[in-house]
Amino acid sequence: VIFTARKPASTSMEAAPSIGLHCPHPERIRTPDSACESVRAAVNAIIGSDGGTGGVSEAERRAIQLANFSNWEHEDARLLVYMRQMYIDVGLVERLPIDEDKLLSFLLRIYAGYNQVPFHNFRHCFMVTQMTYSIIWLGNLHAICSDSELVALLTAAVCHDLDHPGLSNYYQRLAATKIASSYSASPLESHHAATALAVLSDPACDILASLTAETRSGVEGAIQRLILATDMAHHAEILAEFEAAVEAGQFSLQDLSDCSADSRELLLRIVLKTADVSNEARPVATAERWIDCLLAEFFAEARLEQESDISPLPFMNPALVRKAVSQQQFIGGIVLPLSLALARVLPRTETDIVQPVKRQLEFYTRLVEDEEREAAVAEED
């Protein structure tokens with residue numbers, strides 16, 4: 001399947017505005033040049049350290065295919081090397097082809113483009129990319145999808161939160177930021193997509209350079225649409241569309257390659273959306289640290305909003321949030337239904353994603369029940 005050029009959803013994709021226009025203190029969150037140079041040197045040292053393997057052992061290559069992988073044991077440079085390996089192992093470097101120097105330059109530029117915010121940072125980028133990669137293997141998508149589809153999916157995962165300021169679309173709109181006025185819908189997601197295309201337009205980072213103009217236009221459009229699909233404001237709509245497509249028999253479990261291009265892209269949106277909320281499919285020790293990171297970012301936004309006379313959203317307000325309750329609602333209302341929908345088309349995700357998500361839901365449900373019992377006892381006393 002070759003992507004044909006299609007316009008993205010009704011949103012402008014002009015050059016991305018500077019982060020200073022939608023973040024009060026951009027200098028505080030930018031990844032310093034010194035850190036980027038240090039990571040660049042470390043990446044080059046890893047790649048050149050083990051003749052012919054690119055610095056990634058066979059055991060590591062198997063580990064990054066697993067849905068229970070944890071980022072916390074690894075330094076950023078190692079994670080970048082793993083991301084490079086993903087493009088190699090799904091066959092894109094050889095078949096598209098992708099120049100390896102450009103691939104490395106692209107990934108290093110992406111690293112520099114993620115900000116040092118509590119949650120929507122480079123490590124979140126890695127985890128979403130890694131889960132996307134895991135689903136590619138679980139669903140055998142590397143053998144089913146075209147190279148155009150694979151490079152669009154993997155690159156959308158890499159770039160899906162690029163230049164995120166740690167402040168939500170809710171803040172962007174109510175604070176009347178430049179980014180909110182720059183796009184007609186999904187301000188942050190539109191900004192991430194525009195920033196991604198700006199990086200790809202640099203010849204040194206152009207991993208799509210080998211494509212024809214028509215194919216490239218189609219891939220870039222798919223990257224935009226996939227990133228836009230991560231806007232949770234459209235979650236219910238996209239999930240309902242996917243479930244209706246499944247019910248209508250648009251996905252053949254025997255051979256997904258028979259699906260229409262539109263149906264396959266809808267599946268890829270669900271893959272990326274599942275990966276974007278996939279921390280709850282990982283072991284509790286891994287997931288809990290990510291939950292704390294997310295709450296730290298939410299609470300920081302709430303404080304800023306209160307200082308600006310903006311009422312924080314309830315799920316971001318530290319005065320209202322109970323962690324166990326929030327997790328129970330998020331997993332039960334978002335993560336589990338999404339995972340179950342994906343498993344209807346990619347059955348192997350049932351064991352590796354759905355079952356762990358169910359265990360997480362059970363874990364937080366027990367915590368909520370324990371908290372309620374303790375509160376009831378305290379009232380009686």
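Glycine is treated like the rest: Cβ placed from N, Cα and C.
Heads up, TrEMBL stuff is auto-annotated, nobody curated it.
Since we're looking at a predicted model, the values are computed, not measured.
Within its own chain, HIS120 (active site, proton donor) has TYR114, ASP161, HIS164, GLY166, GLU297 as residues 6 or more apart in sequence whose C-beta sits under 8 angstroms from its own. Residues annotated as active site, proton donor in TrEMBL: HIS120.
With a 10 A radius on its CB, ASN121 (AMP binding site) counts 20 other CB atoms from all the protein chains. The feature AMP binding site is assigned by TrEMBL to HIS120, ASN121, PHE122, ARG123, HIS124, ASP161, ASP276, GLN327.
Annotation source TrEMBL lists Zn(2+) 1 binding site at HIS124, HIS160, ASP161, ASP276.
Summarising the annotation, TrEMBL assigns Zn(2+) 2 binding site to ASP161.
The Zn(2+) 1 site is defined by HIS124, HIS160, ASP161, ASP276, and by the 8 Å test on Cβ atoms against their centroid, the other residues of the chain that qualify are HIS120, CYS125, VAL128, ALA157, HIS164, THR230. All protein chains considered, the CB of ASP276 (AMP binding site) has 20 other CB atoms within 10 Å. Cα-Cα distance from HIS124 (AMP binding site) to HIS160 (Zn(2+) 1 binding site): 10 Å (rounded to the nearest whole number). Looking at HIS160 (Zn(2+) 1 binding site) and GLN327 (AMP binding site), their Cα atoms lie 23 Å from each other.
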